[in-house]
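Asker: Before I ask anything, let me first share the structure, which is written out below as structure tokens.
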Amino acid sequence: MSLFDWFANRRKSHPVTKAQPEREISDGLWSKCESCGALTYTKDLRANQMVCLECGHHLRVTSDERIAQLIDAETWVAMDNNLVACDPLQFRDRKAYCDRIQEYQSKTGLQDAVQTGVGELDGLPLALGVMDFRFMGGSMGSVVGEKLTRLIEHATQNRLPLVIVCASGGARMQEGMLSLMQMAKTSAALDQHRTNRLLYIPVLTHPTTGGVTASFAMLGDMILAEPKATIGFAGRRVVEQTLREKLPDDFQTAEYLLSHGFVDAIVPRPELKRTLAQLIRIHAQMPMASDVSPAAVPVAAAVE
């Protein structure tokens, strides 16, 4: 038997098995940084609030994770969890809007793209809204606008500081004009909150764009942003095509907006809770924060 025949027979009797594929990174044990590609033990990454230990890149977090990062344990009381979007326009693109809503509700466990409620931050009571980009890109429709408006009105009546963590692609196109009117509705509610000289701090995370940027995201007394967050109204390519000129590489980043006076501070996520607590305490010591009686603003929300 030739050597060639021996190898051929051996291959038949001992077939070569395919190498086992590498273990998926998404199994939960390790996480890969979207910026530098570093592999980090997920437990360590979560301990650092989903900020890369190598390059400082801020990975996206869910609204539940954000609430846990900011609110003291066992103090969170959610509001208006029963609100669900309807489909007045009977909108359909590749699938019906109502089917798309149900799909995202199943994927995220949320009713819509924002969670609202009250709780304590470092022992300080406040009203908090947290947008979740996982739910249709954090787009603002009727439910998001209504929940935020009720939250703002609740904060006004109860003289609470207000924090809204923004993460959105803008207005929800599937609701047409009904989504656009939420910009005016939330802005009007914030004007009442401001008239009562109460503190409102929006926190702009990646990304904050479109109708959210053009409304409540930019109406704060102090506007904070996470490092390297994309913040703007229209997309970069749209702006370049409209202006017909090349934009700076850092255009529409938190750092660019800070240098041009559109945000007041860039705060790394691990320092956010401490920074918010400091700002709330400073505002509480100001005479104007306690000398004004609450305005008679109707409050539609009831804490569940």
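Even glycines carry a Cβ here, placed using N, Cα and C.
Per Swiss-Prot, the features are:
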BINDING   C33, C36, C52, C55  Zn(2+) binding site
DOMAIN    29-298  domain 'CoA carboxyltransferase N-terminal'
ZN_FING   33-55  zinc finger
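On this model, are these features tucked inside or out on the surface, and what's nearby?
Answerer: A simple way to gauge crowding: the CB of C33 (Zn(2+) binding site) has 18 other CB atoms within 10 angstroms, across all the protein chains here.
Cβ atoms under 8 Å from those of the zinc finger (33-55) belong to residues 25, 61, 65, 69, 268-270 of the same chain, restricted to positions at least 6 beyond its ends.
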Asker: Across all the protein chains here, work out how many other Cβ atoms are within 10 Å of the Cβ of C52 (Zn(2+) binding site).
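Answerer: I get 20 for this one.
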Asker: To see if you understand the setup: which same-chain residues, six or more apart in sequence, place their Cβ under 8 Å from that of C55 (Zn(2+) binding site)?
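Answerer: Long-range Cβ contacts: C33, S35, C36, A38.
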Asker: Per-residue pLDDT averaged over the zinc finger (33-55) comes to what?
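Answerer: On average, pLDDT over the zinc finger (33-55) sits at 93.
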Asker: For the recorded Zn(2+) site formed by C33, C36, C52, C55, which further same-chain residues have Cβ atoms within 8 Å of the site's Cβ center?
Answerer: E34, S35, G37, A38, L53, E54, G56, H57
Asker: Work out, from DSSP, the number of helix, strand and coil residues along the zinc finger (33-55).
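Answerer: Counting residues by DSSP class gives 6 helix, 4 strand, 13 coil.
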